[in-house]
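Take this structure, written in structure tokens, and hold onto it; I'll ask about it next.
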Amino acid sequence: MSNDDNVELTDGFHVLIDALKMNDIDTMYGVVGIPITNLARMWQDDGQRFYSFRHEQHAGYAASIAGYIEGKPGVCLTVSAPGFLNGVTSLAHATTNCFPMILLSGSSEREIVDLQQGDYEEMDQMNVARPHCKASFRINSIKDIPIGIARAVRTAVSGRPGGVYVDLPAKLFGQTISVEEANKLLFKPIDPAPAQIPAEDAIARAADLIKNAKRPVIMLGKGAAYAQCDDEIRALVEETGIPFLPMGMAKGLLPDNHPQSAAATRAFALAQCDVCVLIGARLNWLMQHGKGKTWGDELKKYVQIDIQANEMDSNQPIAAPVVGDIKSAVSLLRKALKGAPKADAEWTGALKAKVDGNKAKLAGKMTAETPSGMMNYSNSLGVVRDFMLANPDISLVNEGANALDNTRMIVDMLKPRKRLDSGTWGVMGIGMGYCVAAAAVTGKPVIAVEGDSAFGFSGMELETICRYNLPVTVIIMNNGGIYKGNEADPQPGVISCTRLTRGRYDMMMEAFGGKGYVANTPAELKAALEEAVASGKPCLINAMIDPDAGVESGRIKSLNVVSKVGKK
């Protein structure tokens, strides 16, 4: 476009697209509508990828996990007000889990919104977003688009990663500027996530504590997986001989079948250890805040490696805090521990005996006949376990209560950043969004193991998966209920609040053009899984399991408050 003086012009749409591209963003996930529909169209016209979802929350979850896998911000695009609010849930999820993400939302006109005159989808979105992310920006001028996007990228990935909100008022897109000036304004931040080198005395203190430990363990969190310094972490573990425990999304950072893995005896390892080395893991509710019977009677000493200084001492005193990026910290710690004796053989031997015993028990459960003759979690997930061991490049998405807990315990992972689950909040609804992003980012097949209740939060995105013909196989653990499917009704004519229809989810997939299967036995599940993944097409396996399978609230039943007085 040119003006009367023959100066070539560009507009807000094009400058925003150019700014995103300059910052290596080539994919967006979102839901189109006023005022951003044409932005999505023009993004596609420019040759970039746009995955159009049925609900903004799931588009946001896709962006969040894309950020985790790739180590750069995943980008979600939404409409204003209600659509923006749907996206904020996933923005908060990204921030809580330390995933780099940028939420871009169109918004109504500032001069009307600020006077609360009732504009279309009126909302002060920038300030609504602020408590739920690392930073919240609004771009009012076309000239500020390049610096606004660059700041969002740097903020999302620097230090502890997280979500960033960028507000895009509708009038911004129609503003114009000369192409020459726009090109001068475009830039990419230099070294947006610089190494943060830990202090020498912090490394020395941590090394001394580890050298003097009698029963050390290493706890690997998803922060360690995000750091993508897999070889350094593996070398630290193997050079020290210290047993390790992976949190859910750290499974596969070292293979779950590694001889130093103590995952099969986690409770014993935590209760008996005297020093715990936390690498990219937080002492939050997932680790019982470092206290209680989980951690035994003996006072523990902690080494904690984290890029955020105020994470230290958040629940327990940290004897050796190491503030810095994980790659730098682990590298320096290896040097400080060079030549030190390996972990005590009596301690590692005791753990190995426990691991071997527990693995034998689990193997028996995976092959045992059930009293009802129906599948349960053990024998059905045993099929998934064997398949994943033979196909370690597949991404495994997992959510639910019992479906989450049992899959994490039973299905071994051999490669990093392949297990994608509910994360720090234990949130339901991440499933189908994660599937879309994992397939888009890796270009490889994805398997999702879903509780039937959890699947309900994002099930309509089956249409999205089919529309883009993604190689996703969804397995629904169908016991017909939240937790269980056989809770008695409280009274005649009143359906239990935990009951679900034991439905034909396979037919949902077929309604959108995918392939559906019903599996009633492990053999049927195995055959369906092999055929589905080999097809490279969208597939869903309706795995019918015993309604009595499962326990209320999975392994966190203690968090479910019960009445002290009972029924009146």
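Glycine residues also receive a Cβ, built from the backbone N, Cα and C atoms like all the rest.
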Quick check: of Tyr377, Tyr505, Tyr517, which does Swiss-Prot put in the same thiamine diphosphate site as Ala401, Asn402, Ala403, Gly426, Val427, Met428, Ser453, Ala454, Tyr483?
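Swiss-Prot names Tyr377 for this thiamine diphosphate site.
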Among Asp412, Asp421, Asp452, indicate the single residue that Swiss-Prot lists for the Mg(2+) site containing Asn479, Gly481.
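Same Mg(2+) site in Swiss-Prot: Asp452.
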For the ADP site that Swiss-Prot gives with Arg160, Arg282, Asp306, Ile326, which of Lys72, Lys211, Lys214, Lys222 also belongs there?
Lys222
To which of the binding-site residues Thr265, Asn402, Asn479, Ser553 does the lowest count of other Cβ atoms within 10 Å belong?
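Minimum Cβ neighbour count within 10 Å, taken over the binding-site residues Thr265, Asn402, Asn479, Ser553, occurs at Ser553.
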Highest CB neighbour count within 10 A among the binding-site residues Arg160, Arg408, Arg555?
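The residue with the most neighbouring Cβ atoms within 10 Å is Arg408.
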For each of Met428, Ala454, count the other CB atoms within 10 A of its CB; which of these binding-site residues has the top count?
Ala454
Taking just the CA atoms, what is the gap between Arg555 (substrate binding site) and Asn402 (thiamine diphosphate binding site) in Å?
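Taking the Cα atoms only, Arg555 (substrate binding site) lies 8 Å from Asn402 (thiamine diphosphate binding site).
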Who sits close to Ile34 (substrate binding site): which same-chain residues at least 6 apart have their Cβ under 8 Å from its Cβ?
Val79, Ser80, Gly106, Tyr120, Glu121, Ala170
